[in-house]
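S.K.: Sharing the features that TrEMBL gives for it:
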type: COMPBIAS; residues: 550-561; note: compositional bias 'Acidic residues'
type: COMPBIAS; residues: 619-629; note: compositional bias 'Basic and acidic residues'
type: DOMAIN; residues: 57-215; note: domain 'ArnT-like N-terminal'
type: DOMAIN; residues: 359-498; note: domain 'Protein O-mannosyl-transferase C-terminal four TM'
type: REGION; residues: 522-588; note: region 'Disordered'
type: REGION; residues: 600-652; note: region 'Disordered'
type: TRANSMEM; residues: 47-67; note: transmembrane segment
type: TRANSMEM; residues: 144-165; note: transmembrane segment
type: TRANSMEM; residues: 172-190; note: transmembrane segment
type: TRANSMEM; residues: 196-213; note: transmembrane segment
type: TRANSMEM; residues: 241-261; note: transmembrane segment
type: TRANSMEM; residues: 267-283; note: transmembrane segment
type: TRANSMEM; residues: 295-321; note: transmembrane segment
type: TRANSMEM; residues: 425-442; note: transmembrane segment
type: TRANSMEM; residues: 449-468; note: transmembrane segment
type: TRANSMEM; residues: 474-494; note: transmembrane segment
type: TRANSMEM; residues: 702-723; note: transmembrane segment
């Protein structure tokens, strides 16, 4: 039977704004189409998300700071950056260090080997300033001081990745595993315990990536709100050819600031600026197309791309130039005075009209560029980018002469070594997982897969432009977070926790499941024995009807039966006077723009309006909710989540699909020609499909996650002595040389 159409749309002239109730229902529909949540996440789950973040941060603190001062000498490239950091905080510019014993003298606490002349350095100043700050706090005569900044960056990176995984996969266990894997990986540990620039670069870019993800959700929420509350056509599409324009994008400003700081550490971050900028444009354009903007591609360029560019790029450039502030302020810096010396010998000064400091900075950058693009000297541990993905040629950061070691390892021959090899369990599994990520990105257009690939594209693929140059495996720390995310993506797929990236995909899966169930029901019925007839069939709406009399004066009623959904209170978003919004305040009492701001900004990082850790339709748990409905859905690890079984023992892929399957019964009974906004209003109290799952319920899911975590942990324990430079028997060291390139 088909439900009658409401008269709400018929009362509305073409092109006018929707009523408040219609706007709320349509905004919820648009948010679902854009892959955004439509209700709050229980506070208990938000708490578990922060507990997971804190625990992974603590694990990272232990692996980064335990014995950080060892070895009490500079290892590998610390000789460049540690002394440069000291020069900055003590003298204000990078002084040139001379003599074969300069490192030993520095470790003993003297800078007698430093000349007054400026040193020629090939990286911007910011990273060396950060390394110098650690020395200013803890002293220059110990490794703890000059490695402090990189160790802190390593902890921040682990906690950031936990939050990023929580946002992408809506699962506390998966988010915890993401942070856990990064906390116990050898590349991350060694680079966090070494006073060089690469881990600082990785953390700034990862923070920028996190801000880009926040901008994606916030911008889509604003777009959905403005379309639903603005002039729309009968089909709910925006009347404007170019759709709404979003000028204020604070998360994108933050992303530009953070990546600009990354450029102030190493130029490699500039690739992230380009790749993430393209990613933002693609996401914005796809969102406008999904919202029905007629000129969606032009809109992506004009009303989306231009404001995004102005929010993202200029602040990154200003931040990068600002990282050279100390160079501008101190006339003793390298290349300062170069313009005047050129004029004295009658040479032309390029860009002289911009002023001597700018002209000198440009000349300095030209010289740096020539160095980076022309360095090709041979080195024992140099490798090529294709080696990094499988960790085929790590770098030995530390190998002291054996005669200097105390022979206390219980063997005739003892060694100390620090190798930058990554955890094989993480890197090798992630390499295989990358195939799945590529398939999901290309075949299904999964935005999470594209986000992971963007990380690879920004911090890994550019190195293929420098084949034959002197490059090293430890550069891979910059894309380590995306390696971990690729592995988490595969684990989510294996454990059936991946979910679908959009509402359309969920509805498609639900329709397939419903069709399959109906086919099975009819195949069971034998001729003459319990065969279904039209009279025997139950109306799919009967279980939702109530006997409550309707108010004939209610303008929202058209005489059709009242519908009372299961768990109606859990799924209502303030659509009528008897239901409150998730925040405890009716949405109709809030300013419309404030609603969009709340749902965009107030999310898994402590908010109360937007679901961002998990797509659950429940309100925050309270006494009334618990007493009437029991515990909130997904508030406990085993409550109605992915992987449970129905009464027939059939495994269900996700709670979202089960709800969508239930909802499809009502949808089949609605007039297919009904206007989409009327449909959204009618289904406003219905159990809307939720895009993601939160926790696994099946034992085999926990087994998969537990075995993977246990394997990687065992490998980390096995490799720990070689990541921290412990004194070990030579034979034990040989046990770690699985590949020829690892020696």
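Every residue gets a Cβ built from N, Cα and C, even glycine.
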S.K.: How about long-range neighbours of the transmembrane segment (295-321): same chain, 6 or more residues beyond its ends, C-beta under 8 Å?
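M.R.: Beyond its ends, the transmembrane segment (295-321) has Cβ neighbours at 124, 241-247, 249, 252-253, 255-257, 259-261, 263-264, 273, 277, 280-281, 284-285, 288-289.
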S.K.: Can you count helix, strand and coil residues in the domain 'Protein O-mannosyl-transferase C-terminal four TM' (359-498) using DSSP?
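M.R.: Each residue of the domain 'Protein O-mannosyl-transferase C-terminal four TM' (359-498) counted once, the result is 85 helix, 10 strand, 45 coil.
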S.K.: Could you check whether the transmembrane segment (172-190) and the transmembrane segment (267-283) come into contact, where contact means at least 3 Cβ pairs under 8 Å with the two residues of each pair 6 or more apart in sequence?
M.R.: no
S.K.: Of the stretches 47-67, 241-261, 449-468, 474-494, 702-723, which racks up the most C-beta pairs under 8 Å with the transmembrane segment (425-442)?
M.R.: 474-494
S.K.: The transmembrane segment (449-468) vs the transmembrane segment (47-67): three or more C-beta pairs under 8 Å (separation of 6 or more)?
M.R.: no
S.K.: Tell me whether the transmembrane segment (267-283) sits in contact with the transmembrane segment (196-213), defined here as at least 3 Cβ pairs under 8 Å among residues 6 or more apart in sequence.
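M.R.: Checked: the transmembrane segment (267-283) vs the transmembrane segment (196-213), in contact.
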S.K.: Is the transmembrane segment (241-261) in contact with the transmembrane segment (144-165), using at least 3 Cβ pairs under 8 Å (sequence separation of 6 or more) as the test?
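M.R.: No; fewer than 3 Cβ pairs under 8 Å.
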